[in-house]
Every structure is written in C-alpha cells, then in structure tokens.
Amino acid sequence: MKKDQKRFKQLQLIKDCNNFNELIEQIDYSSGNTDDLTTVVLDYMDKQTVMLYYESLIDSQKQSNLLEWMSEMFWKTEELPDTLDVKQQGPNLSIAAAINILLSGETLIVFNDGDTWTITSIKSLKVFQRSLQEPKNEQIVRGSHTGFNENLIVNLNLVRSRLKSPHLVIKYFTIGSYSNTKGALIYLNDIADPMHVEEFMMRLQAIDIDLAFSVGYIEEFIEDSNYSPFPQFLNTEKPERTAGNLIEGRIAFILDGSPTALLAPVNFFSFYQSPDDYNGRFLVGTFYRLLRIASFLIALLLPAIYIATISYHFEIIPEDLTLPAKRAVENIPYPPLVEALILELTIELIREAGVRLPNPIGQTIGIVGGLVIGDAVVNAGFISNLMVIVVALTAISSFVVPSVEMNTTVRILRFPFMLLASLFGFIGVAAGLIILLVHLIKLESLTSPYLSPLAPFHLSGIKDTFIRLPASKLRTRAADAQPIKKNRYGRNRWWKHAKK
Amino acid sequence: MQKNSITGWQFCFLTLQTQMGMSALSMPSLIANKAGQDAWISMILGGLIVQVIILMYMWLIVRCKNSSYFDFLAIVFGKVIGKFLLLLTILYIIFIMILVTASYQQLITDWINIYTPGWIIVLLLLIPSLYLSIDSISLIARFSMLISFLIPVLLIVVLFVYAEPQFFYLLPIGSEGLDSIIKGVIPAIAALSGFEMILFTSHFLKGNKLAGLKKGMIGSGLVTLIYIYLIISVQIFFYIDELKIVPYPVLYIMKALSLMIIDRIDILFLTFWIIISTAVCVNYLFVAGISMQSLFNLQAHRHMIMVTITSIMIFIGSIFIDSKIEITEIQNQLFEVGVGLVVLIPFLTLIFSLITKRLGNN
C-alpha cells in the first residue's frame with residue numbers, strides 16, 4: 001500500500017484530472033477501492049460522461065431511470081428533467097468532497113466536453129424503514145397510537161405536522177466520526193429558554209465519538225450527572241408526547257436510526273406523566289397521577305418497611321394482625337433480608353428472561369415463574385407468604401411508571417433501602433430517604449432543578465404534576481423549563497360565565 | 001449568583017425548620033417544670049421576646065449591608081476582638097449541634113432502637129446532613145421548604161387530643177403566680193432557639209432585604225404559634241404532675257393513639273422526625289462552615305473541608321457527652337448560656353456600630 005502511495009500522485013480537485021480514467025482511478029483510490037462504488041461510463045467520439053454511486057446506498061429503481069435519462073441527455077444534450085432532485089456542483093469540487101456526496105447517498109454525474117467539467121449530483125438514497133407502529137413500551141388506551149420509526153425525516157415530519165408553526169426550529173447535527181449520523185435538535189424559538197437551547201447545542205457539539213450508536217448512548221455524553229441513578233432526559237417514542245413537551249418549552253433531540261426523542265429539561269414528575277392523563281376526564285387523570293406517585297413510594301420502600309417491621313419494630317403491627325404475622329414468619333429459616341433478596345432476585349430473573357423471549361414464551365415464563373415458584377417456595381417453607389405478597393406488590397408497583405428508564409431506576413434503588421432496613425430498622429430507611437431526597441434536590445436536568453415544582457417550590461407547578469386540573473385551567477407552563485412565554489393560552493370556556 | 005441567594009419564603013422556612021427541630025418534642029415538660037400549668041403563658045411571652053430580639057437583629061442586619069454578620073463583627077470591633085467574638089459564636093454553634101445530635105441519639109436509643117449503639121444513630125443523622133451542607137444555601141433552603149410538609153402531620157396527629165379535651169387542667173389561669181411564669185420564659189426562649197439563623201444567613205437574601213427579614217419573622221412567629229398549640233394540647237391531655245415527669249409528652253400522646261393499620265404511630269413519627277433533625281444539622285453545619293471561612297479568611301471552595309471538620313468534631317463530642325454527662329441536666333443550662341450569647345453579642349455589636357458609626361461593605 002505504501003509503495004502504491006509513492007507511485008500514485010494524489011490529486012485534490014476533479015478538474016485537475018486529465019481524463020475520465022484518471023478521475024475514476026482517483027476516486028477509487030480515495031475510497032479504498034471499495035467494491036460497491038459503481039461507475040458507469042458513456043463514451044462516444046469526443047463526448048464523455050460518467051456516473052458514480054455506491055450501489056449499497058442508492059435506490060436501484062431510481063437508478064435505472066437515471067441511467068435512461070442520462071443516455072437520453074447524452075445524445076440529445078437536453079437538461080435533466082425537473083422531477084429529479086438535481087444539484088449543480090461547482091467546478092472546483094474536490095475529490096474528498098465528491099466522496100462525501102457519494103456517501104450521503106447521492107449519485108454524481110460528470111460531463112466533460114474537452115476541457116470543462118460539469119458535475120451534477122442527484123439525490124437517490126434508498127432508505128429502508130419500518131412502518132409506523134405503536135411503541136410497545138408506551139402503550140396508551142386512548143389517543144394517537146403512532147410512534148416514531150428509525151428514519152429521521154419521517155420523525156421530523158411527525159413532529160412538524162403536529163406543530164405547524166414558523167416558531168418550530170430544527171437544527172441539524174452530525175455525530176460520530178465514522179457513522180456520520182444525522183441528528184436534529186427541535187425547539188420552539190419563542191417559548192424555549194435560549195440559555196437551555198445554547199447549552200444543549202454546546203453539549204451536542206462537544207460530543208467526540210466514533211459511532212452514534214443510539215439516543216440512549218448519546219444521552220450519556222450530554223447528561224448532567226453520569227453517576228446518578230436517575231435519568232435526566234426523558235425518552236419517548238410518541239410524537240404527541242414530544243409535541244406536548246415542546247409546547248411546554250422543552251427541547252427535543254432526535255437521532256437518525258433511533259425511534260426515540262430525547263427531551264430536556266425535564267423534572268422528576270415528567271416521568272410519571274402519560275398522554276393518557278390528558279385524554280380522559282381530569283378526575284381520572286388526577287387519580288392515576290396520585291396512584292403512580294404512590295407506586296413510586298411502594299416500589300421503593302415497601303420491602304424495606306416490611307424487613308424493618310419484622311426484624312425491629314414488631315410492635316407497630318396492630319393487635320389483630322400480630323398472631324397471623326407471627327405465625328407466617330416464625331418458622332422461616334432465613335432472616336428477612338435474605339428472604340427478600342431471594343424473592344426479589346427471582347422476580348428480576350423472570351422479568352429479564354421474559355423481555356428477551358418471544359411473546360407467547362415470555363408469558364409462559366411469567367406464569368411458571370410467578371405462580372409455580374411463588375407457590376412452591378411458600379409450601380416448602382423457605383419464604384413466608386407475607387413476603388410473597390410484599391414482593392409481588394413491589395414488582396407490580398415498579399411497572400406502573402410510564403417510563404422504562406425510571407422503572408429500572410426504582411427497581412435498583414430498593415436494594416440499598418432493604419439493606420439499610422435490615423441493619424438499622426426504620427431509622428436507617430429514613431436516613432436513606434434523606435440522602436435520596438438530597439440527591440434529587442441536587443440533581444439537575446440541563447441545568448434546571450430536577451425536583452422542580454417541589455424544590456424550588458412552585459405552587460402553580462402542582463396543578464400538572466401531582467394532580468391534573470381540567471385542561472382549561474392549565475394556562476401557565478411548567479416553571480422548570482423556564483419558558484419565555486409563561487402563559488399557554490387565554491381564557492377558555494368564557495361562555496360558561498357570559499351573561500345570557 | 002443564583003445559587004448563593006435565597007428568596008424571602010425560603011428564608012422563612014429556613015428559620016422555621018431550624019427552630020422546630022431543636023426541641024419541639026421535649027419542650028412542653030421542660031417549661032412546665034418551671035411554670036407549672038401556666039406553661040403556655042410563658043411560651044407566649046417567650047415568643048414575644050424572641051420577636052423583639054429579631055427586631056434588634058433586623059436593625060443590625062440593615063447596618064451590615066451586604067457583608068455577613070461574621071464579617072461585620074471584625075468591621076465593628078477590629079480584628080482581634082471581632083475574631084474572638086466570632087470564635088465564641090462558632091463554639092456556640094458547635095455546642096448546640098452536639099446537644100442536638102446527642103439528645104436525638106438518646107431519644108432514639110430510648111424509644112425505638114434500644115440495642116443499636118448511639119454512635120451509629122449519630123452517624124445516620126450526620127452523614128445525610130454533611131451530604132447536603134457541603135452544597136449551596138439555595139439547595140439547603142429548598143430542602144427546608146420541602147420537608148415542611150411534616151409539620152402539618154405533627155399538628156394533625158396531635159389534634160386527636162381534642163376528642164376528649166380536659167380544659168379545666170388549664171384553670172385557673174395564672175394560678176402559679178407571675179414569678180413562676182417569668183421563670184418559665186427562659187426555657188421557652190431556649191426552646192425557640194434557632195432564630196439566630198435569621199442573623200447568620202440574612203446576607204444571602206436576594207431582592208428587598210427588609211421584606212425578606214419580615215418573612216423570617218413570620219417563620220419564627222409560626223413556630224411560636226405551633227409551640228403554643230402543642231403546649232396547650234399536651235396540657236389538656238396530661239395532668240400537670242404527670243406532665244412534669246413525662247419526658248416527651250408529644251410522643252406519649254401518639255403512643256396512646258392506635259389506628260387500624262398501624263399501632264404505634266409514635267415510632268413511625270419519630271422515624272420521620274429524623275428528617276427535621278437533619279434540617280437543623282444541615283443548617284447549623286452550613287453556618288459553621290461559612291463562619292469558619294470568615295474566621296480563617298478562607299476561599300469559598302474550602303467550605304466543604306470546614307463543614308467536614310465540624311461534623312467530625314460534633315460526632316466525637318456527641319459520643320463523649322453521651323458517655324460522660326446526663327444530657328437533660330446540662331441541656332437547659334447550656335441552652336440558656338448559649339441563647340444569652342446570641343442575644344448579647346449582636347446587641348453589643350449593634351451598640352458599638354451605632355457609636356462608631358461603622359457600616360458593612362456594599
């Protein structure tokens with residue numbers, strides 16, 4: 001190869017080539033003699049033209065049309081038809097730039113009549129894409145069932161068609177030195193805080209990686225704290241959830257190849273909101289919001305409270321329950337912590353096994369694991385039936401969260417609490433809870449406070465976090481995104497109070 | 001800039017939490033020992049005196065302008081005496097914290113974790129406190145505000161007393177005589193200690209200083225009202241002779257209460273009370289950090305080291321006190337001396353700054 005380099009004189013610009021053979025040689029050399037770079041040469045008398053493309057990137061159907069047109073044009077010297085996405089390139093196009101154009105899925109057509117080079121590029125990228133489906137991990141009862149797919153343009157279309165406003169701004173980024181993946185930052189320029197937009201752009205530009213693997217991978221390079229167990233960016237596969245967050249003044253990032261939008265700045269309670277809350281009646285929405293917050297506490301603390309009660313504070317069990325509880329726990333050979341760990345880890349195993357398996361088998365595993373093991377383990381006398389109730393309730397509660405990242409966080413976090421409970425009882429749990437609370441207060445998402453409507457406290461923030469008031473009352477935006485326009489809309493339902 | 005300032009309401013809750021965590025659970029019997037069945041009158045008087053002290057603080061803070069109280073001491077008295085007075089204040093803060101941790105530790109080991117060694121309880125209190133107090137004042141104020149939801153819980157649980165109130169335990173009003181009522185004012189003020197937080201953190205207030213200070217006053221006033229409510233509730237539940245020997249009357253009220261799903265509310269409540277005690281530790285640790293910075297003229301990034309050193313001292317001190325001295329005996333006396341200190345030194349500073357016409361930096 002080194003020998004080759006010495007012999008081969010590399011040229012910089014296309015127009016420096018003497019003839020087509022040299023041009024093809026140059027491009028072939030610069031692209032590493034890859035086999036999928038195809039060249040088609042038409043040569044008659046003094047007229048010459050060449051078409052170059054990566055056959056692995058282009059749409060073969062388009063290409064055959066193109067070939068037809070090219071030959072027609074070659075003979076009749078007509079302009080290329082308008083229907084094609086044609087771009088004239090300047091005469092000073094370098095070889096490296098030409099290869100970049102080819103890599104982005106365009107076809108290059110080069111004419112040469114004597115000494116002038118005419119270079120034309122035509123978009124012919126073939127994209128294979130999945131049809132739009134409902135995201136499996138964000139299923140809702142009512143409302144739009146469309147989800148993002150892996151194509152950036154399709155995803156942007158889904159967002160823009162929901163927010164047809166001149167204020168919706170999309171900024172493109174290219175990430176990954178090898179993958180050259182395109183990403184798009186989306187925000188509403190008259191609502192989103194410019195400081196946040198600038199910060200987000202700065203963090204994206206600071207990324208220096210080889211392969212932009214997925215949005216979740218990129219998230220680790222731009223989030224505020226790597227070591228926190230809590231996700232600081234909200235992932236969603238639903239366009240209307242994205243649009244709803246954009247209108248609150250948040251910023252979205254979509255990466256080509258990932259069916260996910262990354263939203264920031266978010267607060268802790270954003271992870272507990274679901275589009276379903278807005279589709280039903282407000283009382284129902286409020287009830288489920290409260291239920292989800294309660295599920296967070298149950299999933300986090302119930303095993304710990306149970307362990308602490310059984311091993312330290314038996315006296316808090318009311319009199320009527322003392323005997324049944326005592327009977328259940330008495331003959332168990334293990335301390336409550338070991339008992340809980342065995343069962344919790346079993347549940348985690350069942351879950352992990354169920355995720356990877358195809359649907360029908362996954363369900364079978366769930367039944368075998370949950371029912372059979374649960375029943376057998378109690379009958380064998382390893383684990384008390386109270387513990388089975390506690391662990392099952394905990395597992396169900398942890399799956400209530402409408403966000404995948406947050407529910408894994410909660411499931412991991414309950415283990416330290418169980419340990420604290422078995423070592424120090426209630427006091428240990430309380431100390432752990434304080435550390436968790438302080439951590440949440442310290443945590444930031446895109447430099448805005450994570451526990452926002454609670455710390456710092458905003459009374460107006462409560463109306464769309466813990467509870468959901470009727471939509472006509474939600475007239476101001478959430479404060480944590482620090483939107484420029486505080487008000488969402490004017491007074492609705494005025495006819496209700498208008499004089500008859 | 002944003003991180004080193006607090007709003008008026010945050011200031012209010014900062015003061016409120018510091019005062020509440022000190023002795024809300026044990027205060028009724030301490031006062032009743034002196035003032036008998038007129039303890040609640042002593043509390044009212046004590047609260048009024050504290051408000052007057054806060055007014056004096058406000059005058060002083062206005063003269064401080066933008067410098068902190070700790071820096072202002074050196075401005076008014078010159079370097080040597082100023083630093084000496086600052087040292088006294090720091091010692092007071094450390095002693096108060098040792099008392100808070102030691103008495104909390106004793107309460108927990110008496111009440112729920114009988115077999116857990118005391119130093120572990122102290123660690124469980126100090127480690128979360130340290131984790132927060134190394135950070136900025138705005139986060140600490142947010143924490144104080146966030147945990148305030150526990151106070152309504154306390155008030156509601158105590159409300160159960162009013163199912164069968166024995167109001168005649170309060171009668172006849174004033175029967176103990178003016179003498180013992182005034183004697184009860186001193187432990188009442190000691191129970192309200194923590195109001196000095198207004199003086200120590202006022203330079204973080206953003207915007208209109210006077211408006212912020214008024215919010216601080218409201219916070220302190222709220223504590224007084226809550227305490228009066230607690231004392232009256234306790235007094236109509238226990239006969240006065242009972243009250244004098246019951247160490248934590250509020251907890252005993254809860255112990256008598258039994259719900260359908262939980263039997264001993266007092267245990268659960270005490271567990272969550274650790275959060276309030278943590279707030280006190282956090283606030284005082286933070287103040288200890290900034291005052292030591294001022295004493296040794298350190299840069300702001302040394303705050304973390306100062307706070308860590310302070311908490312180690314407190315840890316050692318509270319273990320020592322636990323093993324050597326009966327806390328309840330010295331508690332009152334030391335509190336009284338300490339309160340004298342935080343009233344006297346600011347008063348002298350105010351007088352001196354008025355005489356010498358020295359003002360703080362802008």
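Yeah, the Cβs are placed from backbone N, Cα and C, and that goes for glycine too.
Annotations in TrEMBL come from automatic prediction, not curation.
Pulled from TrEMBL, these are the features on record:
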- B:39-60: transmembrane segment (TRANSMEM)
- B:72-100: transmembrane segment (TRANSMEM)
- B:112-132: transmembrane segment (TRANSMEM)
- B:139-161: transmembrane segment (TRANSMEM)
- B:181-205: transmembrane segment (TRANSMEM)
- B:217-239: transmembrane segment (TRANSMEM)
- B:245-262: transmembrane segment (TRANSMEM)
- B:269-292: transmembrane segment (TRANSMEM)
- B:304-322: transmembrane segment (TRANSMEM)
- B:334-355: transmembrane segment (TRANSMEM)
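For the transmembrane segment (B:304-322), the partner stretch with the highest count of Cβ pairs under 8 angstroms, out of B:39-60, B:72-100, B:245-262, B:334-355, is B:72-100. Within its own chain, the transmembrane segment (B:112-132) is flanked in space by residues 101-102, 104-106, 139-140, 143, 267, 270-271, 274, 277-278, 281-282, 285, 307-308, 311, 314-315, 318-319, 322, which lie at least six positions past its ends and keep a Cβ under 8 Å from the stretch.
B:217-239 is the stretch from B:72-100, B:139-161, B:217-239, B:245-262, B:334-355 with the greatest number of Cβ pairs below 8 Å to the transmembrane segment (B:39-60). Against the transmembrane segment (B:217-239), stretch B:139-161 shows more Cβ pairs under 8 Å than any other of B:72-100, B:139-161, B:269-292, B:334-355. Contacts between the transmembrane segment (B:72-100) and the transmembrane segment (B:245-262): absent, as fewer than 3 C-beta pairs lie under 8 angstroms at sequence separation of six or more.
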